[in-house]
Amino acid sequence: MTTAIALEDVNFSYDHRPAIKDVSLSVDEGEFLGLIGPNGSGKTTLLKIMLGLRTPDTGTVELFGTPASKFDDGARLGYVSQQSSEADSMMPVTVREVVEMGRYPHAGLRRLSADDHEIIDDSLARVDIDHLAGRRISQLSGGQKQRAYIARALASEADLLALDEPTVGVDAASVDRFYDLLDDLNGSGITIVLIEHDIGVVAEHADTMACLDCELYEHCETERFLESGVLERVYSSARVVSSAGAVAGD
Amino acid sequence: MSAESVGQRLLAREEFAVVASLVAMAVVAGAFIFGVFPTVYDTFWGAACTTVDTWLVCSGFLQRGFTAGILIGITAPVVGAYLVNRQMALIGEALAHTAFGGVAIGLFVGATVPRFDYPLAFALVVATIAALAMQYVAVKTDGYADIPIAIMLTGGFALGIAVISYGVTFHATVESYLFGDILFVPFENVQLMVGLTLLVVGTIALTHKQLLFITFDREAARLARINVPFYDTLLIVLTALVVVAAMQILGAILVAGMLVIPVAAAMQLTDSFNRGLLLSVLLGQIAVFGGIFLSYWGDIATGAMIILVAIVFYLLALVVSFLLGR
């Protein structure tokens, strides 16, 4: 099996405050990794480093065997962020136009072709939002919006999908359907890295889990991970009282 | 890496292709405005004048004014659509004020050396430099984004006033660049505007996808390995070109209105960015034609009337969108 993401001794700090300390981690192609950790533990930062959106202070990052800074096949990467992009609260742009953006890295400066449009149609249908294609993206519910961003990644034919707490503010029924969709995508060979605060959900869907709190505590198969006791260790520390409550509730 | 493969990598790069196309378009546009355009222009207005024999289409002043207005009604909303949705609506205003500084320098130099009496060329250079500087400052500092805009806006204007008060310039000339004057568009300025319009529209047609992507979602665009700083710079330079072109009709003070108001109106009426782009051009044309006719009919300043008509249509769009329950 080949490696999708490989981090080696990665360190990253904001204004001399370390956010990521000596993290080494590798994600195989086809793996579904659930990344958990208390608030402010550096999960989002680590995810952005994995995707080459941030450069670590020290250490190396490889995407599909190429150093992340030199990796230029943007079409292979899909990203669904926690709060959807800044401008979309107002901007007039339809769901279809957003999904079309997935084809942009393929098209470069040329016009979108009939093939591109076919792939866009398929992507919209696969996440069940083809009936919303003409709607302004800001008028969609949270769950529908996240599906649109997944469709953009599908249109891009991404084989690595990174999601940062994608279901915050999404109603429970849509959350279940959303995770079924992720399972389905993972089943078709797409590597998934998921940040999620709901440990129960991660445990149910991910192949492997990793726990981060500035340092990486553990990264192994989900079952072994749950038995390792790392959750109790990380979440029982005093500075994460609120998260610990959430875990106990699961 | 060998020199050859470096060369290939460079040639394969999208940014290189964009810059090369820009240069090629500039050459073609230049050849067109000097070689072909004067004939096309005379033929068109000659035919228009024989068909509808009124002073409105037969006066050379108004022919030049109409042509300039139509071109502004295309380029300003097109570039404005990206700017508005990036919350950069006022950047056009800042660039227009620095362009005014360039005009002042141009008038001063032109008064001393008549061979260089071409203020808009100076405006073009100064506005482009200001655009690049603003982009540089925005990237290098992490203050609020409107601070460099405010500094550039007042700084450019201050420079203009300083140069004008130092040199000896006709007030009428200065005023025409401040407030715009449709009766004061010499043919070489029409030529310049045609060239700039070709360049701006051609570049947008080529890079629309990239500009839309960075406008909507910068992070995702970076992830897709689109060179975001490059396209930021491209957009701001295009804005500088549009602003200089629009200054003669609207004046430095009113230019931003044409970048913003038709786009704001179109945004009320459609959910699609691409349809919004076309609609804002249509609304831009309505504002230009309406403004010119009303200004002729009521003997009122043209630039002001264009902006007021645009605002009326914006208000109408608000009402329509309210009635449709959006």
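Keep in mind that glycine also has a Cβ here, set from the backbone N, Cα and C atoms.
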Key: Range annotated as transmembrane segment in TrEMBL, from B:95-113, B:171-189   = B:95-113
Result, the transmembrane segment (B:303-324) in contact with the transmembrane segment (B:277-297) (3+ CB pairs under 8 Å) = yes
Ask   = Taking contact to mean three or more C-beta pairs under 8 angstroms, with sequence separation of 6 or more, is the transmembrane segment (B:228-246) in contact with the transmembrane segment (B:190-207)?
value = yes
Request  = Using Cβ atoms only, state whether the transmembrane segment (B:61-83) and the transmembrane segment (B:119-137) have three or more pairs under 8 Å that are 6 or more apart in sequence.
outcome  = no
Cβ-based contact of the transmembrane segment (B:190-207) with the transmembrane segment (B:16-41), 3 or more pairs under 8 Å = yes
Task = Six or more residues out from either end of the transmembrane segment (B:119-137), which same-chain residues have a Cβ under 8 Å from its Cβ atoms?
result = 91, 94-96, 98-103, 105-107, 109-110, 148-149, 152, 156, 177, 189, 192, 229, 232-233, 236-237, 239-241, 243-244, 247-248
